[in-house]
């Protein structure tokens, strides 16, 4: 019987599990490889297609030391240091909130005995007593008054060999420096009002508040050498406000355009969030040894707002050029040891692949002029405790590195369902304080970021920046770049399946009934079923596995699996109660309506609904207990075989979907019958039901309780020739009792005789079934 193909797919589904298991083992197999990172070192994570390469760019998002600027009066933003560099003694800077604080800093050169000097402070001439007994250091004195008519009092003093001082407003405080270089530190005044007016009387620099340690370093040790050359010239502060003609962030600009193509420049602000992943593997034995602490690629998906638009982004963080360390506390089994732990240092690289759902990435196919600017970020390691069975636990703690972007390239990541055109940012590393150590061991003072706890309890690291690129896209915005027509493997397959469905449905008119019946009686297996398909012979094994893999998730396979579990539960229920024959518990495996059948008076459903529910399970009963008669699955499998042989568009990649869809959708309106002596019960998936005598075809009242009981005891037969067709055949042609009984059993020999004789009623019924075989 042709329906053997469906039973083979059901019973051989274990090969799918085996195939999946083999693929999983292959995917998880690892190999220890020593990597020597070169100038173009890349990770092996995901296949990539390189674009035009990186474009060098020395622009930084925010300068660490911005200046020098010429003397000026202005209101500096908070969260910034104003680093002042006077060249002559006198008033250096004046700060006020115009309410209760007027602070002036005065510089006194070395070797000045106590004397009175005249200064102009906030427009008023003042005489102040000053002195500096140091021979090699300048003295910076803060004079403060609390009202416009008050007198100045001396406050903080800074002794400096670098001739530098600084002020900064942060929250409700005004910070300055005190003590003596090279050990100068910060002090502050209460500065509670938002107004902050500053007048600088010498050249000055601007440093972000986040670089507090760097500002303190400049105060104590001096500016970098390049700032002390004659080539550095102070500029006016208004230079910071020059309006440039460069494109702003988050804009789409048409660079050039023809009738078919246009070049679009995409400028985007981006927020990159990433995290490290690690693997900590403990060795066997007594629990004192660890075999590996290593970095692993980590995916992270998140959303953020860009110009009022919510953007969904995806990053993958991976590393390369790691340094392998080890530690062995001794040769005893109870001595703590780590066979290998990875550390990121100056020779390492960090790669971050970034993709988001904006228009720029949808058209990132033909690209030029790719550039990116990103801030620097510091990654600090946390603490990881090694839990030993006995004794104090050692802990790996500390370590830090800074990530600075070294280049950006295009990369394309392919999966089974989607192709992501992404940006790959390459970061160079520099080690930072603090060093890492393993407590209660001799390992200490090592620099780098170990893999034990690289995220330090943070969900993610975040850095900001921007990128710009010029992409070649179709002039018509309704079209997309050619590669986007095949953006997913699944999208191509759906298009092929759509064309194939149309062709399949059109082929129904070309099927010969005699050929169909003959083919339905053949015991088709998978290879004879698919032998007519081009290019399947060379890939027969993989093709069969793919068909079974797809068929395993079909509605038919799922229903059979659920039915088997229900039968097992019902059988165990019967075996536990030998004295009671529980028909309802057994029939529930087939009908799912045992509770409704048990008490028809209280049932909310009609008989039609109950029989329709039962009939949906009758196919499962029939397919597991095959009879000699022809069934609906024989016809649907034969139709499928004929159409596969006639189709010009079928291919191995579309075959699994076609077979699965045919098993679920071919002949949706089915009727099944059960014969009990001289009575026949017939129920259809459309809710129709009949009970009639076999010899006279006289209709009888339908007993749904008896029908439900017979389902569990009697074989189920496909009603190829249903009751309506039988009665029509008997009324017009007259049939014998034997012929009627053979048609009720769907005897293929009798069906072939009627078709060969050209009987229009039987022929019309078979043609109706064929026309139902549509996708």
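Including glycine, each Cβ sits where the backbone N, Cα and C put it.
Keep in mind the model is a prediction, meaning the values are calculated, not measured.
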Any idea which of 31-51, 388-408 is down as region 'Hydrophobic' in Swiss-Prot? 388-408
Coiled coil per Swiss-Prot - which of 483-510, 511-538, 539-566: 483-510
DSSP on residue 317 (disulfide bond), three-state: which is it? strand
Hey, what's the Cβ neighbour count for residue 379 (disulfide bond) at 10 Å? 23
Just to verify: the residue among 202, 215, 317 with the fewest other Cβ atoms within 10 Å, which of the disulfide-bonded residues is it? 202
Cα of residue 215 (disulfide bond) to Cα of residue 379 (disulfide bond), in Å and rounded, measures 21
Taking every residue in the coiled coil (483-510), the average pLDDT works out to 54
Rounded to the nearest Å - Cα separation of residue 202 (disulfide bond) and residue 379 (disulfide bond): 37
For residue 379 (disulfide bond), just give me the three-state DSSP call. strand
When DSSP states are folded down to helix, strand and coil, where does residue 215 (disulfide bond) land? helix
